Amino acid sequence: MKIVVLVKHVPDAAADRKFDEADYTTDRVSVDSILSELDEYAVEEALKISDAGDAEVIAVTMGPEQAQDAIKRALQMGADSGVHVLDEALHGSDALATSQVLAAAIEKVGEVDLVFTGMASTDGGMSVVPAMLAERLQLAHVGFVGELTLDGGTVRARRDADVTETVEAALPAIVSVTDQINEPRYPSFKGIMAAKKKPVQTWSLADLGIDAGSVGLSAAWSVVASVTARPPRTQGEVVTDEGDGGAKLAAYLADQKFI
Amino acid sequence: MAEILVLVDHADGAVRKTTTELLTIARRLGEPSAVFIGSGYDAARDTLAQFGAAKVYVAENPELVDHLVAPQAEVLAQVAATAQPAAILLASNPDGKEIAARLAIKLESGLITDAVDVVAADAGITTTQSVFAGGYTVTARVTHGTPIVTVKPNAATPEPAQSTPVEEKVAVSISDTAKRARIVERAARGESGRPELTEAAIVVSGGRGTGGDFGPVEALADALGAAVGASRAAVDSGWYPHAHQVGQTGKTVSPQLYVAAGISGAIQHRAGMQTSKTVVVVNKDAEAPIFSMADFGVVGDLHTVLPQATEEITKRKA
């Protein structure tokens with residue numbers, strides 16, 4: 001069985017995230033970046049299947065040079081190999097272009113049975129790429145999966161979206177997972193050492209047969225018109241409870257017409 | 001006037017509040033047409049008319065209900081192809097976003113998600129989003145195809161505008177590809193009697209400081225007619241169901257009032273509630289980072305502060 005895990009290198013939420021002032025794209029260079037936290041659950045789920053049987057796990061990313069760190073983390077956790085789609089023309093790509101590139105990468109990997117992703121990236125956070133991939137590759141997509149079992153060629157999943165549903169889909173399928181599905185392993189020393197020897201391929205747009213003009217900022221189908229840093233919230237009145245904290249709270253809510 | 005398609009978000013015809021918000025927004029942009037997909041249209045008819053739908057496309061078919069949303073995307077694409085709308089609005093929830101994502105590919109159109117406002121500007125339909133845990137406000141426009149926009153709950157106050165919609169039945173034909181993910185079981189929506197977390201005007205959330213006792217949080221929520229949320233710490237401890245988790249790995253809420261009780265306010269939590277209009281904090285620890293965003297805060301034990309507030313509110317209401 002062949003499993004692709006899509007991983008994304010994102011600015012650390014705990015760092016001071018910002019936009020490139022020239023073109024309003026996410027600043028991916030001068031900000032500390034990490035493997036999107038939610039992708040760790042996707043890697044773990046793939047590794048669990050691999051641990052339980054015979055499966056090859058391939059971590060795939062698209063992004064600038066530094067994005068290889070996301071691959072590295074997946075390899076340290078236990079993925080078998082990596083693919084980094086790297087091309088200057090990709091800068092500023094929207095979700096539609098991203099899904100075009102990742103769909104081509106999945107096809108180039110070939111004969112993929114399962115694609116795992118996180119439920120969202122922790123930067124853009126649109127949550128739309130998995131469904132776009134399913135649409136492009138004509139595969140089933142089961143999103144927001146909190147529990148998964150594989151039974152031969154069928155996935156059975158508990159989908160925790162607006163309501164909880166049990167869903168079945170025949171492989172090949174795309175599955176996005178939530179943080180409820182497992183507890184991601186921390187790379188072991190052995191894993192970190194082994195990762196250094198694991199193969200990582202770098203593919204350009206030409207390798208994927210994609211015209212550079214169809215991706216990137218200038219080909220995006222939506223445009224950011226303005227970016228405004230929101231003034232930090234100013235702290236309002238804070239009182240210390242001296243036996244009347246609750247009454248004061250109620251008085252504030254009444255003042256603000258919430259009661 | 002240009003037609004604006006609004007996908008109706010409903011459970012068996014019970015129209016959710018977000019749809020009435022979308023219809024209100026659509027009236028500012030053009031002439032709203034509701035697209036009803038699924039089953040139970042009879043129950044939805046009056047609400048759609050009450051909020052000003054000029055037209056309703058009705059696609060009723062059991063196969064639409066038995067599968068995940070791929071068939072709905074096919075139907076909506078089919079309606080859009082004939083209607084040629086100026087924009088398509090959907091609710092920013094998991095199903096709405098997936099339908100929007102699929103639709104963007106089918107219609108070769110740009111997509112904007114998580115809008116907190118949508119206006120008709122000179123340059124075209126313009127959206128506002130809050131990004132990076134509320135650190136930035138971004139405005140954006142779709143520049144290719146039909147603008148597809150998912151809109152977050154509470155982006156508008158629903159305003160009734162009675163209409164008599166023209167109903168148009170849509171013949172449904174679903175591809176085999178769209179039927180690949182089948183729903184075999186569906187849990188009923190929670191029956192707490194409280195409002196839906198993501199739609200609620202008021203949310204009261206509890207965290208580690210509850211020590212596992214959500215009683216005071218729930219009681220205050222009920223006094224205020226609020227939904228109950230929980231921090232990741234509380235959910236990971238098994239104190240409250242994951243469906244109520246607010247934050248980066250849970251749900252994003254943007255209510256009029258957010259009460260954080262016993263929550264320290266890690267960035268991951270703030271990411272899920274930063275766009276709340278008013279924030280009230282109750283925490284024993286005066287140094288908790290969440291106080292920095294409090295419009296009003298009480299340094300104190302939620303187990304005494306919340307019940308007192310609840311009692312006082314009940315008294316004031318009586």
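Cβ coordinates are placed from backbone N, Cα and C, and glycine is handled just like the others.
Those TrEMBL annotations? Automatic predictions, nothing curated.
Taken from TrEMBL as is:
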{"type": "BINDING", "residues": "B:R208, B:231-232, B:245-249, B:262-269, B:N283", "note": "FAD binding site"}
{"type": "DOMAIN", "residues": "B:4-187", "note": "domain 'Electron transfer flavoprotein alpha/beta-subunit N-terminal'"}
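Chain A lies within reach of B:Q248, taking the binding-site residues B:R208, B:Q248, B:I263, B:H269 and requiring a CB-CB distance under 8 A. Under DSSP, B:Q245 (FAD binding site) is assigned to a strand (E or B) in the three-state scheme. For the binding-site residues B:Q245, B:Q248, counting C-beta atoms within 10 A of each C-beta gives the highest total at B:Q245.
If you take every residue in the domain 'Electron transfer flavoprotein alpha/beta-subunit N-terminal' (B:4-187) and average the pLDDT, you get 95.
Around the Cβ of B:H269 (FAD binding site), the same chain contributes B:G207, B:S231, B:R232, B:V246, B:G247, B:Q248, B:I263, B:I290, each under 8 angstroms and 6 or more positions distant in sequence. Counting neighbouring Cβ atoms within 10 Å of each of the binding-site residues (B:I263, B:A266), the lowest count belongs to B:A266. DSSP gives B:R208 (FAD binding site) a helix state. Within 10 Å of the C-beta of B:R208 (FAD binding site) there are 17 other C-beta atoms, taking all protein chains into account.
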